[in-house]
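Features of the protein shown, as given by TrEMBL:
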- 73-153: domain 'Cadherin' (DOMAIN)
- 154-262: domain 'Cadherin' (DOMAIN)
- 263-377: domain 'Cadherin' (DOMAIN)
- 378-482: domain 'Cadherin' (DOMAIN)
- 1-27: signal peptide (SIGNAL)
Amino acid sequence: MKLGKVEFCHFLQILALFLCLSGMNQAELSRSRSKPYFQSGRTRTKRSWVWNQFFVLEEYMGTDPLYVGKLHSDVDKGDGSIKYILSGEGASSIFIIDENTGDIHATKRLDREEQAYYTLRAQALDRLTNKPVEPESEFVIKIQDINDNEPKFLDGPYTAGVPEMSPVGTSVVQVTATDADDPTYGNSARVVYSILQGQPYFSVEPKTGVIKTALPNMDREAKDQYLLVIQAKDMVGQNGGLSGTTSVTVTLTDVNDNPPRFPRRSYQYNVPESLPVASVVARIKAADADVGPNAEMEYKIVDGDGLGVFKISVDKDTQEGIITIQKELDFEAKTSYTLRIEAANMHIDPRFLSLGPFSDMTTVKIIVEDVDEPPVFTSRLYSMVVSEAAKVGTIIGTVAAHDPDASNSPVRYSIDRNTDLERYFNIDANSGVITTAKSLDRETNAVHNITVLAMESQNPAQIGRGYVAITILDINDNAPEFAMEYETTVCENAQPGQV
């Protein structure tokens with residue numbers, strides 16, 4: 001016959017009640033056989049009239065008061081002369097006693113998890129004199145447990161992590177369920193764990209609740225998170241037991257099981273020759289499916305003809321290799337460079353060396369593009385000298401500049417008049433010969449610093465600048481002059497030779 005959950009609970013209650021009543025009847029029978037000891041002409045020396053403990057089943061669902069037990073004194077002859085009184089925890093409010101018969105009943109539904117036992121006191125009084133006929137006795141009513149509480153995961157839901165590629169049987173986390181039922185009585189609080197969701201990747205130990213890995217080589221890069229549902233069932237997992245569940249989110253943490261690999265075997269970048277030193281030429285990156293420190297790598301130039309011209313460093317945030325210029329580029333001197341670059345993991349896990357090597361190589365070709373550069377003077381600074389007595393048109397010196405581009409465009413010269421406001425000098429536009437345009441005076445200006453411009457004929461916007469320092473040589477062209485007029489006096493009787 002199949003019973004529902006409620007019917008099954010009622011059945012257990014009735015069975016427990018039957019056992020309790022049976023035990024009480026045996027106890028009463030035993031006491032009735034043990035007559036008090038009397039001696040002629042003497043008073044009674046001992047009379048024990050109550051046993052120490054009653055049992056009552058919790059969660060009684062009946063409509064009538066629940067019979068608990070019976071108090072009885074040997075003095076009671078059944079003629080109604082004895083009155084029974086009950087006091088203590090729950091007296092009158094929960095437990096009532098028939099003052100004539102001593103029968104005790106529970107009037108309310110009891111919950112062992114709220115209170116497991118009640119301590120009460122009983123008295124037997126002479127109904128006429130209202131005096132005790134027995135000493136007051138204390139006894140306990142213990143609430144008998146039934147399986148009315150399901151296991152609960154008080155700390156759930158859980159989150160845990162376990163390294164990817166862990167061997168089978170690696171512990172992940174321990175879950176614990178508590179059952180409010182009486183652990184000392186029956187199997188109501190004996191819990192067994194099982195996994196409802198999360199197989200075949202994980203398992204749980206039935207007795208301890210320890211979750212372990214159940215499959216080898218779980219790869220974080222394929223799937224990094226799993227949702228488990230764990231069940232705890234009381235009654236040692238038997239049919240009719242109550243159960244509770246919790247969820248466990250397991251995250252696979254990363255290990256360095258993926259070597260870096262360049263997506264391409266070669267790269268090519270075009271760079272203008274005018275790019276300044278320390279400028280970024282290119283960014284390259286080796287792909288690594290790992291994360292965090294396991295994806296950290298370093299780059300280095302291991303070969304090629306640009307070892308002294310370029311360098312490579314790593315961007316700590318993006319793990320990219322950054323190629324920068326160390327020296328100025330010159331299309332006319334070299335039009336391309338080839339670099340052999342290696343990327344390697346910085347933190348290698350010895351367990352996964354068989355998956356390596358944990359480094360990779362690629363080739364980077366850098367093409368230098370020609371840029372229309374301004375004319376370049378043969379010297380950064382020209383020093384010239386001329387006498388202040390030189391006539392107008394005297395040649396002082398010559399400057400020279402050329403177009404560094406392959407076109408080698410002709411150059412025209414001029415003087416930046418902002419550096420020669422008085423127009424003391426001229427320059428031949430084609431030859432670069434500098435001549436005097438005015439008379440010079442060393443005493444007015446001993447050195448003239450002028451800027452010479454060299455302009456490409458085909459592209460006047462391309463202008464080079466040269467600097468010329470012209471020193472004026474002195475000649476004797478100034479008579480002595482007294483700095484002031486002198487006036488003095490002399491005595492009329494001064495002797496010859498007196499200053």
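Yeah, the Cβs are placed from backbone N, Cα and C, and that goes for glycine too.
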Helix, strand and coil totals (DSSP H, G, I; E, B; other) for the domain 'Cadherin' (378-482): 3 helix, 46 strand, 56 coil
Within the domain 'Cadherin' (154-262), residues counted as helix, strand or coil by DSSP: 3 helix, 45 strand, 61 coil
Integer mean pLDDT for the domain 'Cadherin' (263-377): 94
